[in-house]
């Protein structure tokens, strides 16, 4: 008794140490990209960056409504000021004219940046027209705004640039800020964190909410957030919330089931220890070998580790009256070891896949299964209470075994099922595979509609499409961007898209800047043109008023053209930096598009540039990554199956016996897929993982049923153990199958179906005849 | 004051060598809303409403810009519209008022309460008679002065290059028939 308590204490202490180590040293990644296969081509690399870090995916769309407009405008200004001071946000804009966009030092550059000189010369005619308009401006309500600008900038180049740099399809500005058509204040905020990183986005959104609530009169106002980052957080929370709720109910059910089966609370609690040990061992192995793991890898790993719950159940069911737990487990061990070792060997195939996520999955699962198996063998029997009830004594179990024994088992039935299954599979409706990972964690339709509406009002860039310009250097990219500008403008007029934001909108190429520079008149010419304009149009301006203007033009004539590096220091430089990316093989320009109506026409346009411009479809490209990922999983699974078969043959030392074990397992797996496909489901990665778990469980059923036993009591114990396993798996995964979330439903339904098929077919095909 | 009135506006600005003289029609469109038409020396139609001003010149498309870019400006226009509309409550909310004279010839001096507005607009002086304002003199923060003659003063004869004292005399005398 004392030895038992000491051992239990030591075990628990070891688990605590393991848990502390695992929690301390394993970093859990939440960025979807670390779960994806490593990018190989430059294109895939770009895609991986853009999926999370493209300017479009980091954009949050905000609207504030409730109070009257004047207060909304105040809230909008207050929120933007706070977000601009927050390091989690790269920029926040609400439509207010930002005079600091072009800082003082860059002011003379306005002649090189603005397209004005492309169409006009700074001659007497042009100046007369412009100055005439300024006279009119002086008498208009705009006068107080424009007066300070006039001496230095009588042609209002600064305003022309501000207009060029505001979003291409900006919402209406009222009270100084953007408003939607239904009277809500609109804002855009760009996070620093990646768009599909729930942790980073969660932190940014919490900060956003807090900043809004802290505004002086936020009271009755309502802040609405949308965009990829928000959806990431939302979906993450919903999935976790529902998984937790289902997990709680199914854990309760599982506990009740085991209490019913073994009538012993201590046994029940102790039976949980092997799986706990397995999970912690798996995490510790990950921490040692990788240092970090993706959240999805862990979720998959814990799903696959569900197999290990069978080990203690087998031990509890197979305890024999008059014998201690240790000798019971010794009798059971060869078979259990076969199951554990064959599964572990099969998962080695994942390790060879070359995908970090799958390797982590393999390490976690193998370490977990071994730890759970070994603790069931060497620790659990030594701490189990000595008093128990031999389940072979149940009368109903004897009747059940008898019923199974007399059940007709036609040999042709499995073949018929296999043939029918293949036929159904061949004719099944819908696509075989689901490549859109987002389809498994869908965003509610009304939220998508709201997002589309906000996106349309704000003219915010499309998340899906991106134009990519490629050239040897930044100058080449900017030149290419300038050259396609007129063609894109034509496409906008043809309603192919609403707007495109090209890097050259912010910074023209050096060549263009030089061409504009060459058109600037020298001081004498300009002064003469000014005098001529004043006299010709009889303008009332004071003589010498425009001296700062003349000085600026003179300065601009000898400026070194602006480069992206020199521009980077200005507030707009950060904007440009996300659009100009250096690569090993040159430079890339990224143009965001908004309101894409005709993707085919855009693709045709890109095609016609002979590779200078490409249309990147992030959705299609990410789906191709999923396909690549799935192909690797399938290959790994195929290899795993071969390894598993070999291990089982070697362990049983008989191909005939191995066939009895492997055939029902394979057929059941086929039937699960057949049923799901026949009901129109497309298979995803999550289905594949679930099928693998079910197959692992099925292997146990078949192995134990196949075992020849002379003792009828032992046959009853085998049936009892299997029934408890099946019932608990059906309970846990059946509940998950009822979930409203496709991802949980996919796993739950697949495992529950699988357990059912594996159980029935094991009885039909594996159970030893007596 | 009627909903419409002709006006003559004379602007003195540090940017200009000689004052700018505009003639046209003002229209009071309701609280916070104002229309201003310029007939000479060029044609222009301005509307101020919902915190935005839209300006249309000749055949060119209207340009709209927000007064919120300079929120103080809105206070000024609100006060101006309130004056034209006889909305004393709005007026007192935005300006401190001091009155002098009698019902036949009164003068009202408005100073903005809002600090930012005060930096742009020093004061507005209104001369009027009975229930009718006749002359608005706005002193802007940068020293520019705008004199707006309305109602019967809109037709006052002006020299080609009027000076500020001349105009102020017209305002004073206009109110004493």
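Please read every residue number as a count from 1 along the shown chain.
Cβ from N, Cα, C; glycine included.
In TrEMBL, the annotation transmembrane segment applies to A:633-652, one of the ranges A:613-632, A:633-652. Given the ranges A:395-411, A:412-428, A:429-445, A:446-462, the record in TrEMBL names A:412-428 as transmembrane segment.
With a threshold of 8 Å between CB atoms, the same-chain residues lying at least 6 positions outside the transmembrane segment (A:659-679) that come near it are 414, 417-418, 421-422, 424-425, 428-430, 432, 641, 644-645, 648, 652, 687, 691, 694-695, 698-699, 701-703, 706, 749-750, 753-754, 757-758, 760-762, 764-766.
Across A:269-290, A:333-355, A:361-380, A:744-766, the stretch most heavily in contact with the transmembrane segment (A:633-652), judged by Cβ pairs under 8 Å, is A:333-355. Taking every recorded stretch in A:246-262, A:269-290, A:685-705, A:744-766 and counting its Cβ pairs under 8 Å to the transmembrane segment (A:412-428), the highest total belongs to A:744-766. Among the stretches A:269-290, A:333-355, A:685-705, A:717-738, A:744-766, the one making the largest number of Cβ pairs under 8 Å with the transmembrane segment (A:361-380) is A:269-290. Note: the stretches the transmembrane segment (A:685-705) and the transmembrane segment (A:744-766) are in contact (3+ CB pairs below 8 A, sequence gap of 6 or more). Looking at A:269-290, A:717-738, A:744-766, the range that has the most CB pairs within less than 8 A of the transmembrane segment (A:246-262) turns out to be A:717-738. Scored by C-beta pairs under 8 angstroms, the transmembrane segment (A:717-738) has its highest count with A:744-766, from the stretches A:269-290, A:333-355, A:744-766. A Cβ distance under 8 Å defines the sequence-distant neighbours of the transmembrane segment (A:269-290), meaning residues of its chain 6+ beyond its ends; these are 8, 11, 15, 18-19, 21-22, 25-26, 258, 298, 301-302, 305, 308-309, 311-313, 315-316, 356, 359-360, 363-373, 375-376, 379-380, 383-384.
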